[in-house]
Structures are given as structure tokens and as C-alpha cells.
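These notes are about the structure you will find just below.
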Amino acid sequence: MSVTVFNPRIDDAAASDITAVTPAVTALNELSSAQAPVKSATKKVFVTTQGCQMNVYDSGKMLDVLGDSHGMEVTHDIDEADVLLMNTCSIREKAQEKVFSELGRWRKLKEKRPDLVIGVGGCVASQEGDNIQKRAPYVDMVFGPQTLHRLPELYDQSHQQREIAPKNRIGTVDVSFPSIEKFDFLPEPRVEGFKAFVSIMEGCSKYCSFCVVPYTRGEELSRPLDDVLAEIDSLAAQGVREINLLGQNVNGYRGEKDDGNICRFAELLHYVSHVDGVERIRYTTSHPLEFTDDIIDAYAQLPELVSHLHLPVQSGSNTILAAMKRNHTIDVYINQINKLKAIRPDIHLSSDFIIGFPGETDQDFQDTLTLAKELNFDHSYSFIYSKRPGTPAAELPDDVSFKTKKERLAEFQKVIIDSTLAKTHEMVGTTTRVLVEQVANRHPDCLIGTADNTRTVMFPYAVDKMDELLGKIVSVRITDFVSPHMVKGEIEAVLA
């Protein structure tokens, strides 16, 4: 598998500008759509993926469209690739420079192999556009998140230009926002494994002052209901048991039904729960502004909804939330969580936090610590604030020193780590639902899977019967703490 995955929330966790507490099980199985088999061909494509789950999903679709149109094969080895694709993310500090730094390394490969085709996609491509080819003229294709379905045409155009003017070649750029048409041109989803992402919408219309997403992915556009369900039907028929619904703000889903009426997100959850074969539903990411009562009620009505919610709050201070243009208060957020806990007492929570936002005082930070302690977040994706070009917050004075930001982040992370450890230890002696995914690499007499709360669960099982259990939902009694994100137990029953 050639897709190298970085999460903007967890990439380079040791770097000075970000620390993240994350589950041990990351995108291994969630990469399934990007692991699809493609037609046999001599051309090979290597993809490196930076960023969020949306980018992981998009990278899988890049491979799908090139496999479907040109029979390209995926390669792990960059040195044997005929096509190099970089799916970029603009969330991190100095994202553009990191892209050009990587492109500089790719340039050396192209100097040795002039026929190598290089493409840059994702949010940095959307931001930079023609500037990428001005600074890196050896790049053949530049495309945005909304135009990845046009990769086959861009690839053909790059070859045509090479034939016409091999020494004066001009690359192709398409970073337009053609509504949501890309989903109309994607091939049938193909998957290995028991988990899959399904994108239900693109873009975001919230315009938080720190965020580049509305400028790189456009405003919110929802896929029609039937299109979403057709993709899920296809994945379920291939053995997928867990669906993760994706969007920058899935709560804002407004998909059109075939009768012209609008399907909201809570209703979509009900539709997905009725798809044969789907046993678990996750979604990411959400916005508190639209985490409505009908979504909360779905947790009482749909056992398929896992007992885990990722609901970014960004800060525990109302003053900072106002400066971030989040358009909700801490009391609203806490009330939402309390309603959910009344329905699902075992719900596990995770969130996003930005530490050191412009104007953050000691009291603002203490308010954030108080919130983290009160709600006992299971884990957190936590950033030190850094300016994103083109955002309103970039115009604010960055008046919190880097030293203070680092100290605050370390203090905040200790609170989260303590909570993570406590919650994992609390699992010992309880029973949890687990999606069985594979044989444990280091313990061939054990199977491993993922609990609702994202913990990895390992349990012994008869070696000659392991295949029968893969893809099943089982009940496991937890007997031992292994690590902050891993436990061990004994199987009690097969549930589905």
C-alpha cells in the first residue's frame, strides 16, 4: 500500500507546535478505500497523504480513478513509481513550505527519470494554484479537493503537452470548485477490510476565524441521499461492517432526497442504520452549533451508533470562543454533553483544542483546563496556535509567547493523558463490543479489534477458527490493561 498517512492533528506529534493524544489504532483499517485493488498495468502510482480523514478518503479516490481509467497499480516504492501524487493539508504551520520542501526531493527523482509525472492535490494546491508551478515548474498537475475526479484528464493533458513541447512543457492546473460533481465521476468503491470512510459532504460554511477550510474546500455542499446510501450499500456488500461518515461539519448535512425534500444529518443516521451489514456507525467531524437534539436522540434510538463522540470545542473560554467566531458558549457545549450522557452514560468524548490563541489570558487557559477536567475527555487533538494565511485570525496580534504556549500545552496535555489512562484502566472488569479485524501480529494465537471507544482490544482464540470470527462484532470481557489505548480480554459471545 503506497499511501503514507499523516493526520494534521497527529502528524509530527513531537514537533514544537503540536502535541496530540490519540488512540493507538489510527488509520490502518480506515485506509481501506485507498487499498482497493486496481487493474493490472505497467504504470504505477505512489501517493503521500497529509491531513485529515477527508484527505485519506480523497487519496483512496485518486487511486480509484487512475486505476479505473488507466489501469494504474499502487506501489509502496517511490523509486518504481511512474506517477507521484501529493495530497496536501494546509492546517499545520508553514504547510506551504513543507510541500515545496518535499517537492524539492521529488525534483531530484524527476531529474533522473524525466518521464515521471508529479501531481499536487489537496488544500495547499487549492490555496496556491498556479504558484505551485511557478515555484516548482517540474510539477505536471495541480488539482484541488473538488477536482480530483479529473485526474485522468489532467494526466492525459500532461502527456500531450510533453509530446508537443517536451522542453517547454506547461503543467495543468485545475483548482476550481465545480459544486459537488466529483462524486458523479468516481468509480464504484472497492475496499479491503471491515471499516470504510464515506464522504457525505464537502466544505464548511462556519468561517471560524482561525480556519482555512472554507477557502480551500469551499462552502458546505451535501451529497444527495441516494448517492450516499448507494456507496454504503456497495461497501457493505463487500464486507464492511463499520461506516465512518465524513465531512468538515457532518452536522450540517442537508442532502436532497429523490422527492426533492431535504434529509438532515439525524435522519441520515437512521437511513444508514438500516443498510444490511452495517453494524457500527461513526462520524467526524462535528460542530457544536449544529449538534442538535435530534442527533442526540439518535443515540437512544440507534444501537449502531458507537459510544464515542468527537465534538471539537477549541477552548474552554467564552471570550476566546467569541474571538474564534465559534458562535456558541461553553454552557451550550456542556448542556449538549450532559444531554448525551443522560442517554448514553458510557459515551466516550474526544475534542480539539487550540492553545495560545491571540488574546488568551491565564484565566482563559484556566477555563480550558476546567472544562477538560469537568468533561473527562477520552483524548484530544491539541495544537499550539499558529497563523493560517488568509484567515481573519491572522490579522490579530499573536500576543501569547511561544514559551507560554508550550508550557500551557504541556499542562493541558497532562490533564488529557491522566484522563485517558484512567478511562482505559476503568475498562478492566467490564464488557465491551469489539469489531474483530485481524490476527495480532506479535501474538498469532490472539485476535485484535476495535472497541466503540476506539481502544484496541486483544483476546485469545482458537487458531483454526480465527477466520470465522473476522468481521464479526463480539462481546469481550476486559481482563488486563496493556497501554493507554490497548486492553486485553476474553471473548464472551458473538453478537453479529
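The backbone N, Cα and C atoms fix where each Cβ goes, glycine too.
Taking a C-beta cut-off of under 8 Å and a sequence gap of six or more, C123 ([4Fe-4S] cluster 1 binding site) has these contacts in its own chain: G51, N55, T88, C89, S90, I91, A95, G144, P145, V212, V213, T216, R217. Under DSSP, C123 ([4Fe-4S] cluster 1 binding site) is assigned to a helix (H, G or I) in the three-state scheme. The annotation [4Fe-4S] cluster 1 binding site is assigned in Swiss-Prot to C52, C89, C123 on the grounds of sequence analysis.
Per Swiss-Prot, [4Fe-4S] cluster 2 binding site is recorded for C204, C208, C211, and the stated evidence type is sequence analysis. Under the three-state DSSP scheme, C211 ([4Fe-4S] cluster 2 binding site) falls in the coil class. Using a 10 Å Cβ-Cβ cutoff, C211 ([4Fe-4S] cluster 2 binding site) registers 22 neighbours.
The domain 'MTTase N-terminal' annotation in Swiss-Prot covers 43-160 and is backed by sequence analysis.
Taken from Swiss-Prot, the feature domain 'Radical SAM core' applies to 190-422. Averaged over the domain 'Radical SAM core' (190-422), the predicted model has a pLDDT of 96.
Annotation source Swiss-Prot lists domain 'TRAM' at 425-493, citing sequence analysis.
Here the Cα atom of C52 ([4Fe-4S] cluster 1 binding site) is found 14 Å from that of C211 ([4Fe-4S] cluster 2 binding site).
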